[in-house]
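The block underneath contains the structure these notes are about, expressed in structure tokens.
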Amino acid sequence: GDILDDYLRTDGVWILTRNKQFYTANNERECAEKCEAERNLTCRAFLFTRKKLQCLTLAENAKMTVAFASTDAVLYEKRIYLIQCKRGIGTDYRGTEAKTQRGIPCQKWAVKTPHKPNYTPEKYPNAGLEENYCRNPDADESGPWCYTTDAAVRFDYCDIPDCEDQCMQCNGEDYHGEVSRTESGLECQHWDAQEPHMHGFILKHYPEKDLRMNYCRNPDGELRPWCFTTNPNKRWEYCNIPRCTTPPPVSGLESQCLSGKGEDYRGRIAITDSGNACQHWNTQFPHKHGWIPDRYPCKGLEENYCRNPDGEKKPWCYTTNSSVRWEYCTIPPCDRTQQGIAGMNNVPVQAPLTEECYRGKGQSYRGTASVTVSGKKCQAWSSMFPHTHTKTPDKFPDADLRDNYCRNPDGDSSPWCFTTDPNTIWEYCDLKRCDDHTQK
């Protein structure tokens, strides 16, 4: 297959790393070959710039360092270093688990104390024996293992979940696996517990979200599954759930015309109602946005085609006009008679565009942001836990108080929410004012 199939591509992103090597390359495939042949470092990713034809092989990926926007750059991350589960007996496992199944920290493969190892990076250069990560250099049938830091226990196996049982489709909204550690290795707090973190994500408030045990879940439309952690100093964190290799089940036929709100529209119209050309989804110019195709694999964000990834009233796109952030598109209806009847109902749409910013005071903001300026998750508006309040959907029917999304029902200075932290009643949300680059 194509050498790039082993990499996850993200356009318009640059990551900061000191451990890198510079090369020239005519294209991404040549750069990938440099990464595969790299001997100066363990190449986990590479950056390629189209204009300068510059290739940087990197020892770190976006999970390990800071990323920021860079229009001309393309980031390719090796998929094998993004997967935190094992396939088969895990000889190709390259995750970062560094504790045994009994919780004993692993000994570094390159050191000789407390145990003198038979398997070292020098003897087995292709086995991924980095740091003290769990590995399976001898194809042990029981899976990845490590030498331990306990002088009384030479080695032990690691608790690495099977990929077949632990993958997610799309953004993990329907993930029902049993991963219960965060991406940094922290144990998840049970959903029905309020220690060390009190919160409002309780089964009775989210009965359809399968909030069982302490398994990672995505009950609030986050980028991927997450959980509250058992570390008092880390309230919540994402979990590293691999994407399934099989395609998600098709919910319906992909439509070339407008049916309903057009969420299943997969046609090729790429111009807005007013005639503006659409911006490509995988670019961040002229408008920066969060609808990156690799992050939302089930939304059909191809090329610059009009789409409806967020439940808007009809397909839309960001425009190539720097003064017009986004606009609706005109998509021919599948059934004009049916559309006419639907139009006569005159039902107000309650799901406007998910934007990364708000206008004015944000009273019209209808995005799905649900995190405050200090990183706290929002409490559902219909919930009275951990905070009782009067800002309920029935009392503010025009404020779109859905789920736990940031809103401004009372004319405050910007969108806000009640938080799931019992010690903080409410906070403003982590949102910027549209096109106001001076606002913090």
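Note: Cβ is positioned from N, Cα and C throughout, glycine not excepted.
Listed in TrEMBL as the disulfide partner of Cys306, from the options Cys298, Cys329, is Cys329. In the disulfide annotation of TrEMBL, Cys167 is paired with Cys244 out of the candidates Cys106, Cys227, Cys239, Cys244. Between Cys417 and the candidates Cys357, Cys378, TrEMBL records the disulphide pairing with Cys378. The stretches the domain 'Kringle' (356-434) and the domain 'Apple' (1-80) are not in mutual contact, being linked by fewer than three Cβ pairs under 8 Å (pairs 6 or more apart in sequence). The disulfide-bonded residues close to Cys216 (disulfide bond), defined as a CA atom within 10 A of its CA, are Cys188, Cys227 out of Cys188, Cys227, Cys257, Cys317, Cys406, Cys417.
In this structure, the disulfide-bonded residues Cys167, Cys317, Cys334 were compared by how many other Cβ atoms lie within 10 Å of their Cβ, and the smallest count belongs to Cys334. It is 33 Å from the Cα atom of Cys278 (disulfide bond) to that of Cys378 (disulfide bond).
Spatially close to Cys378 (disulfide bond) yet at least six residues away along the chain are Asp220, Ser370, Val371, Thr372, Asn404, Tyr405, Cys406, Cys417, Phe418, Thr419, Thr420, Cys429, judged by Cβ distances under 8 angstroms. Comparing the Cα of Cys434 (disulfide bond) with the Cα of every entry in Cys167, Cys227, Cys244, Cys329, these being the disulfide-bonded residues, the smallest distance points to Cys329. Cβ-based crowding with a 10 Å cutoff singles out Cys227 as the top-ranked of the disulfide-bonded residues Cys188, Cys227, Cys257, Cys278.
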